[in-house]
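Working notes, beginning with the structure itself.
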Amino acid sequence: MKFFIAILLTALLGHAAPLYFPWWSFAVTSFIVGLFIHQKAGLAFVSGFFGIFLLFTVHTLVLDYMNDHILAAKVAAILKVGTSSITVILLSAFIGGLVSAFAAMSGSFARGKAK
Amino acid sequence: MRIIPFLLSVAATIGLVYTLNIQLSVNGGKTPKLGYLLSPQKGFWQNAEPTNTSFDEAMISDNLQGNSEVYLDDRLVPHIYATNEHDAYFIQGYLHAKFRLWQMEFQTNAAGGRLSEIMGDSSNGTNFHNIDKFFRRLGMVYGAENTLKAMEQDSGLKAACDAYTDGVNAYINSLDESSYPFEFKLLDYKPEPWTNLRTALLAKYMAWDLAGFEQDFEMTNARSIFTKEQFEALYPYQADSLDPVNPRGTVFPKRGADIIPPTLADSAYLIFKEAATAFTDIKPDYDNGSNNWAIDSSKSKSKRPILCNDPHLNLNLPSIWYEMQISAPGLNVYGASLPGAPCIVIGFNDSCAWGVTNAERDVRDYYEITFKDSTRQEYMFDSTWYTTTFRQEIIKIKGKPDDTLQIPMTVWGPVMYDTSFPDKLHTGKAYAVKWMAHEESDELKTFYQLNKAKNFEDYKSAINTYKCPGQNFAFATKNGDIALRQQGKFPAKWRRQGDFVMPGSDSTFAWRGYVPDSLNFTMHNPARGFVSSANQYPYDTSYPYYLGGKYPLYRGILINRLLTNMHDATVDSMQQMQNNNYNLFAEMARPVLLRFMYDNTLSGDEQKYLDTFKAWNLRNDAASEATTIFNLWWDSLKVIVYGDELGQSQLPLVMPQKSTLLESMIKDSVKLFADDINTTEKETIADDVNAAFKKIIPEVKLMDEEDRLAWGKFKNSGVLHLLKIPSLSRLNLFAGGGEDIINAYKQYNGPSWKMIVELTDDINAYAIYPGGQSGNPGSKYYDAFIDDYIAGRYYKLLFTDKATLQKQTTLKGKITFSKSRQTT
């Protein structure tokens, strides 16, 4: 249960924070979620990762679909990761997820050992 | 708390965020800030414009005076209905910024020598620092400052520029990190406030593009290799087949004393076979040029004039042009505008239409400067030491300390090359540059007035202050006038003045004033029923002043031939003419080539491709294989004929023009350079023609086997993004046309705006350009016109009033502009 709440909160706060603060501000919110929803470090890492990974995947999928894949396909070529928008969607989500995962794990460590 | 794992984990998080928040150096270039770029809320995803997006918006600004509306039609062309002129230009600035901000910034940064601020000192093999130095020392900023002075002296124009700048800034101020245009995110920098100086820099950018081409250093080098006779044969002044803009037969006043060469010219200047030289390696495209023509009522089916114009420029994305209608009390104009400047540059209003082509004349020269010593504090001029002034300009470089330039200023202008900015060949000498674009002048005022012109008198008064780059202004009115005038401020030159670097210590080599305005031709309702220009020489050699510059020949001949025979012309005839792929040069060259061919010596393959060439319909159509064969053959012939002569110098020289070779072949004259000076045999032109043909056959055969021989594939046209990033460009377009063709579409250069205006009561206008209205690569409007452009299609222009436009069902948005919220 905690795990899913952590994912949900990570996603919600991770969406809200960068609307007002820098792009990386979701790292701070993921840290806070890791701090308050106390899980074992590994679980915090995984929930932190998926919270943002899923959020970014859904968000970028919608933007990409509305855009008919025009820009993401061009960015894929610029970043030399093929010509499909899907790779850029996964790359965005993975990078976001990774930052969030480490931040959430830091939050967990800040509390000490969870049961 | 588990201190050590906590610290490690926090360090990993911070390290990760830090790495994703900086630009990394990879393969000589910089990556974007990946975390920012890929952020769904802030990064490029925010530029992924929904394809069904609506551009409805309510814009409120204290800088507005009334309430105005803009309707965006189905192609995203804005139609501005402003309640006053001030607001019209404010709105134009706002819209330019909304759809083209990055392009406006980037082009004016390039013109002002500020690319290293954005790109770093070098990236992917391009030395931006050097490019910046080049433009600074050429005096682009100096010229823009002078232009700004002139712009701001005219109260009407100043008000328009101020309103325009306010409009651009209103848009910039509405932006945040997430809404910056895509390229700002990619290159990691921010838009800065717009200024009137930037508008002036854009004018200099156009001057550079259209009056920046010169070969003074290459010609100086040629003078040291060739005798005078050889030089005149290789680089003749005007061709026999010329059909000048101003028809032959005009009687001009006799040459004045002002164009007699200095007494020292023969011994000190027109010396051949001597002197070392320098070399400039940044040039605008050689083929920047244009077509324009207008026919009068005697030639059109509707009995009204039709005006056509297609300016040939580098074809870029975002496109150089932005299409729009601007209306306000006393103003109702439609056409192509330049993002970064107010007004319409090429277009029409409810009374008349106009279009421009480049006058091509040489208005940029170099003078060798003798400094007293290495401090450059004094230089020799007419046997006296003059004090140098210095212009300080700072080049900011991303990630590095600033570079402060001290540019010496002389009576001629800025010293472009010296030991602190050596020419490429390191002659160690100093050269000042004198350029018409440095002068205080106000080109924008011409367009400002043309936008409101009602008749021929208004046209003349609008263009008579125009100085640089010199242009041929074509004009037509609803009440039947057609006109063409070459307008510009041109130095009065003696023969060959400025073709080579001149001695800077001798005032007799200075420009002796300017060509009188009365000697710039005006054609008004000529008996032949049409006016036209295609960058050819404006006059034949009876014209008393030396023109300098470089002039293409064949487009002008063909246009005049077609127009002479034209009757009952319609918009459709004009579309066909702008898309005409007929190769007049090939028409003249083919019989000459075939005359010299030894038919019986050919192999099977050679015969086959020669037959293809013989059967050619002389059109540069995309599918034509003969066009490719002809172009390869001619290039091969030029190298065989001239390669040995040009090979005498390691320094750069100019390949003679194709008309020079063709005309000497037609006349079989002694001016042919057929013999290879490196062999003992005596080659004839027939030997050269056959050798040139046989040389290309293996390549032709290979391309044929790989299905690459069609002209459209060989030419491989495209429209390049300003940063030359392939995925932001449109490449591998299968298109016809080419050099010397009316449809002048080469690889990346060609008709950048094709416009046809029939001056009927309700103006009947068509146009297209190879781009799209939006500068955002994430918009479906970014390159929306390119496929139609390649297919030779046009769009009917919606030049109409507000009530009619409101009823359009395919509108893409309505933007309201008002001073305060209550009035929306």
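Quick reminder: no glycine exception, Cβ is built from N, Cα and C everywhere.
Residues annotated as active site, nucleophile in TrEMBL: B:Ser290. According to TrEMBL, the feature Ca(2+) binding site maps to B:Asp362, B:Asp365.
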Among B:Asp362, B:Asp365, all listed as binding-site residues, which has the most CB atoms within 10 Å of its CB?
-> B:Asp365
Distance, the residue listed as 'active site, nucleophile' to B:Asp365 (Ca(2+) binding site) (CA atoms, angstrom) | 24
Rounded Cα separation (Å) that holds between B:Asp362 (Ca(2+) binding site) and B:Ser290 (active site, nucleophile) | 17
Within 10 angstroms of the C-beta of B:Ser290 (active site, nucleophile), what count of other C-beta atoms is obtained when all protein chains are considered?
-> 26
Which of the three DSSP states, helix, strand or coil, fits B:Asp362 (Ca(2+) binding site)?
-> coil
